[in-house]
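Peer 1: Take a look at the following structure, please.
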Amino acid sequence: MVEEVQKHSVHTLVFRSLKRTHDMFVADNGKPVPLDEESHKRKMAIKLRNEYGPVLHMPTSKENLKEKGPQNATDSYVHKQYPANQGQEVEYFVAGTHPYPPGPGVALTADTKIQRMPSESAAQSLAVALPLQTKADANRTAPSGSEYRHPGASDRPQPTAMNSIVMETGNTKNSALMAKKAPTMPKPQWHPPWKLYRVISGHLGWVRCIAVEPGNQWFVTGSADRTIKIWDLASGKLKLSLTGHISTVRGVIVSTRSPYLFSCGEDKQVKCWDLEYNKVIRHYHGHLSAVYGLDLHPTIDVLVTCSRDSTARIWDVRTKASVHTLSGHTNAVATVRCQAAEPQIITGSHDTTIRLWDLVAGKTRVTLTNHKKSVRAVVLHPRHYTFASGSPDNIKQWKFPDGSFIQNLSGHNAIINTLTVNSDGVLVSGADNGTMHLWDWRTGYNFQRVHAAVQPGSLDSESGIFACAFDQSESRLLTAEADKTIKVYREDDTATEETHPVSWKPEIIKRKRF
């Protein structure tokens, strides 16, 4: 006779299986996981060796053990040895400098002032925590004794927060962490504000470039009206107009070694003017496109020009020969500067890079790629071995000879066309929107912002600064602007540190984004 099997739902069968499984292991539910003594010892040994290895086992001589004991309450911590049961390992107990109280924050009472032997559980835990020593470790451990302390512990003073912690082991010294002084931001030097002193008009187009002659008697400007004009610096009156370029004049410079004026323009021409006869005596041919800037070497008769053809050229002033063609930029070279020290030539380009060149070899020494936008201006500090570059993203300061980055000067959010700096550390940046910012060179503090009004007869949109320069006495600042004028600024003689205080707060961390 076939026995009928009672049918159950899947849900019931699953729960019955779960119950059987639970009943099978129910005895182990409340049982703790057994402790593996060997692995626990190894774990504690590794932790102690990593964290307390240099100070846990310090070698000492038997004579020092006999002579030196804990002298006073200021001695260092000591290792005490307590005998264990026969046939077991020696157990160590680490005691503090005082027999009482047993821990921080414990009140001193009749009960806590008594120094007790460690309990069995405490001694067992300490014994487990001690590392397993190899033979090499055993050779350098201290000999058995009632107690010992580190050599020289009582001789050294208690370290303060600003002192270094030194542990002496025989004749060697292991220096531990030394507290460092918190970094401080230098306070910017106070500079008097600059105010508009004079506006000079006479050009019929944008004034694109400006230069002051070494004698500080006159200055020269070049304009989009294709003329070069020479002005009296003291009175601001026009002295002379020179014609010869057939397009915008983009750069002018006066030689300190001879009575020559050099100019360049968008007509690809580079001209040398003899100021005794007021005429062109030399042409320098070679550029394939507009010439954007030029500079003279301070110690040798060498002229350097930069162009929209992505090259800079080095010319012999006397022979008109092209000594080197500095190629490497991938876009128009907007600015060039020369100095007597290495590197002698610095160029900034619309390809966002700055290159430092070897004048003798005509090759690139360093390429700086930190800027993200076109570099239209570069200026060298007259005293420090540093320079600055201007770009629409920010102004950056660099250190020669390798172009090490110093700091960012952020805040002039415009296309920066020109930079100039004087020996007092006043950096001036002029932008295409007509704003001019003045900075402290050392700290990068922006102490003044100027936006001169557009002159009558010019459109409001014609607001832009294309060039600026200090005169030789550094008491006047001249700017060449898009409203066809030259503006002259002077320091405010009535300003003091009380009337115009430095509104500066130190930053916690100076941002040095590349």
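Just so you know, the numbers here start at 1 and follow the chain as drawn.
Positions of Cβ are set from backbone N, Cα and C atoms, glycine also.
Per Swiss-Prot, the features are:
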MOD_RES   M1  N-acetylmethionine
MOD_RES   S119  phosphoserine
MOD_RES   S201  phosphoserine
MOD_RES   S391  phosphoserine
REGION    135-160  region 'Disordered'
REPEAT    202-241  repeat 'WD 1'
REPEAT    244-283  repeat 'WD 2'
REPEAT    286-325  repeat 'WD 3'
REPEAT    328-367  repeat 'WD 4'
REPEAT    370-410  repeat 'WD 5'
REPEAT    411-449  repeat 'WD 6'
REPEAT    460-499  repeat 'WD 7'
Peer 1: Using a 10 Å radius around its CB, how many other CB atoms surround S391 (phosphoserine)?
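Peer 2: Around S391 (phosphoserine), other Cβ atoms within 10 Å: 20.
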Peer 1: If you run the three-state DSSP split on S391 (phosphoserine), which class comes out?
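Peer 2: DSSP assigns S391 (phosphoserine) to coil.
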Peer 1: Under 8 Å Cβ-Cβ from S201 (phosphoserine), six or more apart in the same chain: what's there?
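Peer 2: Within the chain, S201 (phosphoserine) has Cβ neighbours under 8 Å at Q455, K484, T485, I486.
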Peer 1: Please report, as numbers and ranges, the same-chain residues at least 6 past the borders of the repeat 'WD 6' (411-449) whose CB is under 8 Å from any CB of it.
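Peer 2: Same-chain contacts beyond the ends: 185-189, 191, 193-194, 374, 376-379, 381-384, 388-392, 394-395, 397, 463-470, 474, 477, 479, 481-482, 502, 504.
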Peer 1: For the repeat 'WD 1' (202-241), DSSP counts of helix, strand and coil?
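Peer 2: Taking each residue of the repeat 'WD 1' (202-241) in turn, the totals are 0 helix, 22 strand, 18 coil.
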Peer 1: Could you give me three numbers for the repeat 'WD 6' (411-449), the DSSP helix, strand and coil residue counts?
Peer 2: 0 helix, 22 strand, 17 coil
Peer 1: Among the recorded stretches 202-241, 244-283, 286-325, 328-367, which has the greatest number of Cβ pairs closer than 8 Å to the repeat 'WD 7' (460-499)?
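Peer 2: It is 202-241 that shares the most Cβ pairs under 8 Å with the repeat 'WD 7' (460-499).
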Peer 1: For the repeat 'WD 4' (328-367), what are the same-chain contacts with Cβ under 8 Å, counting residues 6+ beyond its ends?
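Peer 2: Long-range Cβ neighbours of the repeat 'WD 4' (328-367): 289, 292-299, 302, 304-312, 314, 373-380, 385, 387, 389, 391, 398, 400-403.
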Peer 1: Could you give the mean pLDDT over the repeat 'WD 5' (370-410), rounded to a whole number?
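Peer 2: Averaged over the repeat 'WD 5' (370-410), per-residue pLDDT gives 95.
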Peer 1: Quick check: in three-state DSSP terms, what is S201 (phosphoserine)?
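Peer 2: In three-state terms, S201 (phosphoserine) counts as strand.
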